[in-house]
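Colleague: Dumping the structure here so I can ask a few things about it.
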Amino acid sequence: MVRFLIARPIAVGMTFLALLIFSIILFRTLPISLLPPIDVPQIVIKVNYPNTSPESIEQNVLRPIREGMVTLNGLQDMESKAGSEVGNVRLSFDYQTQMELAYIAVNEKIDRLTNSLPDDMPRPQVVRINTNDIPIVRLQVVPSEGVDFAEVSLLTENVIKKRLEQLDGVALVDINGRQERVIVVTPDKPVLAGLGMQEADLIQAIEAGNSELPGISVEDGQFRYYLRLATRIETPDDVRNLPVRSPSGYTVNLAKVAEVKYDLAKPAGFHLYQGREGLVVTIHKQSAAKMNEIMPLVYEAVSLFEKDYPQVEFALTQDQSTLLNAGINNLQTSLLFGGLFAFGILFVFMGNYRTPIIIGISLPASLLISFSVFYFFDISINVISLSGLALGLGMLIDNAIIVLDNISRKNREGLSLFESCVRGVNEVMSALISSVLTTLAVFVPLVFLSGIAGALFFDQAVSVAAILSVSLLVAFILLPLLYHLFFKDKKEEASRQDSRLFLWLLARYKTVYRALFARRALSLFLLLLLIPLLLATGRLLDVEGLPPIEKFDVMLSLDWNEPISASQNRDRVNQLMEEFEGEFELAESDVGLRQFLLFEGENAIQQADIYLLFDSRDQKEEVSARLLRQLQSSFPLASIDLRDAPNAFDQLFNSDRPYYEVRWKDLSTNQPISADIMDLRLEDFPVDSWAKGPGLQKGSSVVFQTNLEKLALYGLDVQQLIEKIQQVFGNYLITDIKRFGEITPVLLLNDQVDFQTLLKRNFLYGEEGVPYSLDRFIRFSYHENYKFVTADRSGIYQSLILDSPDPDQYDDQIRNWALDQDLSIDFTGQFFQDRQTIRQLMGILLVAILLLYFILAAQFENFVQPLIVILTLPLGIGGAFLVLWLTGTSLNVMSAIGLVVMLGIMVNDAILKIDTINRLRGQYATEGIGLAPALEKALYTAGEIRLKPIVMTSVTTILALLPVVFSAGLGADLQRPLVFSVIGGLTIGTFTALYFVPLAYWFLAARRVSKKAFAG
């Protein structure tokens, strides 16, 4: 095949040119995103029910929803959590579930449940989780001083949001911090009492003034008209002019008995930017859009907003495109330095500039053609797929060097240039195919990991398979063709002898080779002894998901654990920020309830998330420590979580699940066990180190006790009392003014004073209008109750979270404790997920090793020689572990990728070394050389032949990555663990390929040779 293709350079050249043009066209259509668009098999149902307790939300809302969702197809797990005024149900599905259909099914069931849910509660929101839900940037919208906040909210909702949604590639624009305008009616109670009126008279007058005719039409001759009332109210002036009739028949304008004005609705949450109230707009991209094209459009739109609306300040924060740019820069850096060092190393070792130019052409050509594979597999350019390309780049350079070196060697042996190209490729073809298959055998099985890890590895596996397959195509067809064209008229340059540097290296290699083979058994024993010693350093490494990235920002999550209002929460956050003013570059806070549609985290009025950006790492650490001390001393009850600000990777990889959670249920009542009883039971809990789960966290509440006998005595009923309590203690909605799609609530407002005063100042009226103060019928007391009610598909549960490195050792003791307490017990958490993942990894590793063995056995036609290649793997891994340990680097996703890169190159070198030894042994046998001398000569000669490509590949790869070690920034932080893995593994791997492989080969082959010689 190679002979046929090289003989037709124009046809091959045009084919590759067409492939490149086609790949460029497809590349321009590929979506560019931070992460692959993966459907996380979870749906969250969010409930917002103002002025409602956790118990009421659980009983009246979440329980019916849970019971209605049980029959969903593919439902794996169901969790719910009820808090004050809010609740959510999280549905988890199998990964094979089609989430589009599941989302439709959940909405249909919610619609069917509408009649079972409270009438005054808004429809629950159904949120489907996807990796694209992570916003690419946040836009801060802050009104200037003196500007009406409600007007800015309307501007953001009706103008800013819509203009951003019109940008190409934007899928969703979400808003938090909106505040709506309301009309507030505050009764003048002394005047009302003097006129013999009640608040009910005001309410009745306003409701009558906002009446609508129910679609009445009349005919006037030949014409037909629809009727409407001209008395409808629209503004506070209209409300003030409404007539209110007293029981004595006297009519007055409402303005004489109440104050009416526009005001902002009492918010349940705020957004703060640099200490000022504002709104935040999060922008989400479409899955097929290019992030690098969206971000300039967003910045351009914001600059237009600044010109069009000078009364509002705009700022963009938390731009996630920096992570994608880091990934692209990493690939560009690897390609640039890989190309430069490959050029330099090849020039030094080969002694000509044409060979490096050939590699300079083949590298970008291979990458471009690889991108065409992305198109057909519907894969975007993202950090995961780019890491796969970076992973395959080392093998790409390795294959190119091996093929070119073999062609050059054949030419130096006296073959013609054409024959050198043909035989040089054919000689290493099967070995290179085997090495690519072995790399894929190690990597591709990871696709079968369950959960999101397997879904993410799919993109990486396709990108690795693409670039490795293309590397073979280029190495077998394009490289020999280019070599033949470049050296066609330069035969003396192509057959030039080795450089002085290589001859010096060859002499050093021979010296070490002779020394090791002089004591073969001892040398092999010491090399095998290195395997457990090097691997043991792996136990000293910390294990984490992502490498620690130097960040200048933190996220402070607070739960005050006190029954404070959203306004008090805002004031506390502002006070805290004022104390540290000038010590950070930027601060933004989400206080209280979030209004984001896609927010599926905890949502409580007493919580706040504060994002802080600093100028330097030292400033961040120093200020963060003082901030933590300040909070702990000033608010001892608060729960404080201070951590690095999460980026898109953290939000995807870090689980919110507790590490090890012990759950129990009281099946006899299906209710939470009371706090007093639970505290006594926990005294006997067999584990000392634990934290209370959400269902055991306590909060304060006020309990009203009504005197039903007095109500009956005065001729009053409970419904009157309940309605009055709603008017006095809640934002009592009188009516909604609807105009052109805009709704303005009209609220009745009472003085906000202490409970006792309110109960004394407000009255119920008997049959003859006799007033009775509320404190006659109501007594109140403060009680401690549970802040949250947690439940799963089988009912309400409470839980403890164990803080132990080996928590499952207490399982039997905990089960006995639950048996004594007559409780149903269950264990759950990330611990079990991690254990399942480890089991899967062990199974996948076993499959990968078996595949590796089968491929090598087929390649070598031998059952023993594959063991040599397999034994090189722990040496390389151990070398990588050693360098990671010496540099203080953890074992993480990036260092694991580095291990695969290094193992691919190591396996490649080992396979080619063994293949060369086998070929030379066969050649010497045909020349009549004895078995033992042929083995010795083949080992020695194969070492000389493979020395140059092995050294060139290792040195090129290490030098290409070395600049990253001394670089700074996000990209360098991400790539540094990968670099240390490759440097450590290839340093040991080069020594392994040069000396361990021939020693192990001799040990396995010598006995068979001696037996054959003895038999002969």
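The backbone N, Cα and C atoms fix where each Cβ goes, glycine too.
Given the structure is predicted, the values throughout are model-derived calculations rather than measurements.
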Colleague: Among 6-26, 867-887, find the range that TrEMBL records as transmembrane segment.
Modeller: 867-887
Colleague: Under 8 Å, at least 3 Cβ pairs, sequence separation 6 or more: does that hold for the transmembrane segment (867-887) versus the transmembrane segment (521-541)?
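Modeller: By the criterion, they touch.
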Colleague: Sort out the residues at least 6 away from either end of the transmembrane segment (841-860), same chain, that have Cβ-Cβ distances under 8 Å to it, and list them.
Modeller: 430-431, 434, 437-438, 441-443, 445-446, 448-449, 866-867, 869-870, 907, 911, 914-915, 918
Colleague: For the transmembrane segment (428-458), which stretch among 383-407, 464-486, 521-541, 893-912, 978-1004 has the most Cβ pairs under 8 A?
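Modeller: Answer is 893-912, with the largest number of Cβ pairs below 8 Å.
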Colleague: Please identify the stretch among 464-486, 521-541, 978-1004 with the greatest number of Cβ pairs below 8 Å relative to the transmembrane segment (383-407).
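Modeller: It is 464-486 that shares the most Cβ pairs under 8 Å with the transmembrane segment (383-407).
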